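K.L.:
Can you read through this structure? Questions will come right after.
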């Protein structure tokens, strides 16, 4: 195994961030469009409430496909290497987004739903292999004392992709309604080809993970099926990992896919009764969400850095307490019908509540597993959490908001229940940020790499 220079370490981390940003641009662009675009354009002629539910159902299909992608790309990522799998996932995402941008609007609700579901499932499979691979490439190139913040660089690609997708979608939504319906909604999907091409180039130049190469040199990667080995050696870690992130991922999915649609439609209903113009516009709400996602880019590595100093468990469990306290003022601010207060609510939701649990999660999950099963283990645990958290978030909103007389208070209760589940899973997990058994290979690699960097 050839030791990594500092330049190669930085290139791997930057590439993981940029690649993850592009991949989540594609994935989250669909998420926003499902609530704001598809019901009116691809499911036109239907009751808008039912159309929105169907669009959100295609979202869930994508999340359900993610564990399959995690198993598939995790298997080959643990057998062949991280780098090649990340190149393939990026290529798939670019092709699917381009295909969505070319979809005819006259398919009818049934065929549109089938086509979107198929494309979303393919997207879900690709993203299922992306998150773990990008996280591991960044973390396994990082030094021991900065593994948390290294892993978080790939995690940060999520909100960075959200910023990019909401900015681009919001820009085209500002077009006149007839132009947006005719061609404007397609452009954010078609433009992804450009950024995907750049990301593919960057990923191709990155070196393979040093920890994977060390495991391959020992012969570990060719002994059995990673999935079988994972459940044989780490069954408890898999179970706990599947529930550790459900609350954080619910918050992410709820704000990204449900809140803008909820706020805009509620404002329209109030305006219809009063006879005045709606107080809230979808494009401005998207910009407020974008601003909170921009702040999210900085708070995720901040909380990851804290986990490098004080431990993954302490930071994530403290974040759960913060979330249980702040969810109620956040909901009250969302009910204000005021842009400034809604902006503050988005800031409380993502950069604070969500990031405090989400920032350390990349390293928290990765350190549970040995290098030869790590891609598979992180993929499965994170993607199951995504289904249980973010995947059902818009549908939960569709069910609980009417039950709460059009308010969000029952969402708060649901979120607190998820916090209890996540906190229990975290509390029952081992603290690994200084665990020598988990990080032996990386420490051995790091000693050699440091010698190279220092010129020995």
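In case you wondered, yes, glycine gets a Cβ from its N, Cα and C as well.
Any TrEMBL annotation is an automated prediction that lacks curation.
Annotation comment: TrEMBL describes 12-430 as domain 'Major facilitator superfamily (MFS) profile'. The transmembrane segment annotation in TrEMBL covers 12-38, 50-73, 85-104, 110-132, 153-177, 183-202, 238-264, 284-303, 315-334, 340-366, 378-401, 407-429.
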K.L.:
Determine which recorded stretch among 12-38, 284-303, 407-429 has the most C-beta pairs below 8 angstroms with the transmembrane segment (315-334).
P.N.:
407-429
K.L.:
Sort out for me which stretch, of 50-73, 85-104, 110-132, 284-303, 378-401, has the most Cβ pairs below 8 angstroms to the transmembrane segment (340-366).
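P.N.:
Answer is 284-303, with the largest number of Cβ pairs below 8 Å.
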K.L.:
What same-chain residues lie close to the transmembrane segment (50-73): Cβ under 8 Å, and 6 or more beyond its ends?
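P.N.:
Sequence-distant neighbours of the transmembrane segment (50-73): 27, 30-31, 34-35, 38-40, 42-44, 85, 88-89, 109, 113, 116-117, 120-130, 132-133, 227, 257, 261, 375-376, 379-380, 382-384, 386-387, 390-392, 394-395, 398.
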K.L.:
Could you tell me the mean pLDDT the prediction assigns to the domain 'Major facilitator superfamily (MFS) profile' (12-430)?
P.N.:
89
